[in-house]
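**Student:** What Swiss-Prot lists as [4Fe-4S] cluster 1 binding site is CYS42, CYS47, CYS53, SER280. The [4Fe-4S] cluster 2 binding site annotation in Swiss-Prot covers CYS68, CYS72, CYS75. Under the heading domain 'Radical SAM core', Swiss-Prot lists 54-269, citing sequence analysis as support.
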Amino acid sequence: METVIENIPPAKPKWLKVKLPIGQKYTELRGLVDKYSLNTICTSGSCPNMGECWGEGTATFMILGNVCTRSCGFCGVKTGRPETVDWDEPEKVARSIKIMNIKHAVITSVDRDDLKDGGSIIWMETVRAIRRMNPNTTLETLIPDFQGIERNIDRIVEANPEVVSHNMETVRRLTREVRIQAKYDRSLEVLRYLKEKGINRTKSGIMLGLGETEEEVYQTMRDLRDANVDVVTIGQYLQPTKKHLPVKEFITPELFAKYEKYGIELGFRHVESGPLVRSSYKAQKHIL
């Protein structure tokens with residue numbers, strides 16, 4: 001009897017292999033992170049671009065703990081009952097940025113649907129603390145959707161970071177499978193609302209390789225432009241563990257280049273599109 005093997009994941013292509021991070025700036029920052037036990041997504045997420053970003057003086061920090069109230073099929077962050085809020089966290093993050101001498105900081109967080117404010121007060125206080133301690137550091141905030149509650153989003157607007165980002169993550173058809181507790185249109189409305197309230201630069205990101213079609217990617221990019229989003233990042237989805245959604249396809253560099261060209265034609269200020277692109281890749285140039 002012939003054995004049929006199903007759902008064999010595609011082999012990882014050569015273009016996803018990266019060099020080990022090197023360089024004086026990287027070595028200095030790595031030493032500081034280890035010495036002071038600083039919490040960066042760059043290290044905890046084993047980002048392939050860590051060496052390049054640190055070399056340019058950019059780093060990403062996660063606030064509000066490391067346990068998320070949502071269980072997205074793509075994300076490697078732990079799901080469950082989050083820790084209590086650390087009200088000293090804003091000062092700790094600001095101090096980390098000062099120690100590392102970061103020129104451009106990206107702040108992100110888990111979803112905190114357990115909190116009435118969605119964590120927005122800590123978000124606002126973190127931005128303010130960074131401003132006080134690091135007046136020359138520019139900021140990007142990669143925020144959750146706050147369940148679309150405007151008063152919580154308004155706290156981000158009031159803090160006025162240079163860039164506010166909220167990721168769509170995938171195309172409309174796959175949203176329920178990929179982000180079960182999120183809504184495609186709600187995310188678009190968050191991005192549209194941020195722009196309407198006066199945020200200078202808005203940004204979003206999507207992952208490819210989850211089974212989307214080219215036309216669905218184009219439509220998502222059009223939806224983002226219709227919401228007046230300025231910057232889009234497009235990268236390859238990589239499965240964190242076997243419990244997460246499988247990779248359906250590895251997108252070629254040529255197709256990523258095609259999406260970049262289309263995004264520029266649509267009028268995005270910046271388009272980062274490539275296999276290793278992540279939300280905060282080249283983030284420092286997105287304020288320009």
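Our numbering is plain: 1 for the first residue shown, then up by one each step along the chain.
In case you wondered, yes, glycine gets a Cβ from its N, Cα and C as well.
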**Student:** CYS42 ([4Fe-4S] cluster 1 binding site): which of the binding-site residues CYS68, CYS72, CYS75 is the nearest Cα neighbour?
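**Tutor:** In terms of Cα distance, CYS42 ([4Fe-4S] cluster 1 binding site) lies closest to CYS75.
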**Student:** Provide, as an integer number of angstrom, the distance between the C-alpha atoms of CYS68 ([4Fe-4S] cluster 2 binding site) and CYS53 ([4Fe-4S] cluster 1 binding site).
**Tutor:** 26
**Student:** Provide the number of Cβ atoms within 10 Å of the Cβ of CYS42 ([4Fe-4S] cluster 1 binding site), excluding the reference atom itself.
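**Tutor:** Taking all protein chains shown, CYS42 ([4Fe-4S] cluster 1 binding site) has 25 Cβ neighbours within 10 Å.
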**Student:** Can you check what DSSP calls CYS72 ([4Fe-4S] cluster 2 binding site), collapsed to helix, strand or coil?
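**Tutor:** Coil, per DSSP.
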**Student:** Validating a neighbour-count step here. Other CB atoms within 10 A of the CB of CYS72 ([4Fe-4S] cluster 2 binding site): how many?
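**Tutor:** Result for CYS72 ([4Fe-4S] cluster 2 binding site): 20 other Cβ atoms within 10 Å.
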**Student:** For the recorded [4Fe-4S] cluster 2 site formed by CYS68, CYS72, CYS75, which further same-chain residues have Cβ atoms within 8 Å of the site's Cβ center?
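**Tutor:** So the extra residues in range turn out to be ARG70, SER71, PHE74, GLY76, VAL77, THR79, VAL110, ASP111, ARG179.
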**Student:** For CYS75 ([4Fe-4S] cluster 2 binding site), list the number of other Cβ atoms lying within 10 Å of its Cβ atom.
**Tutor:** 18
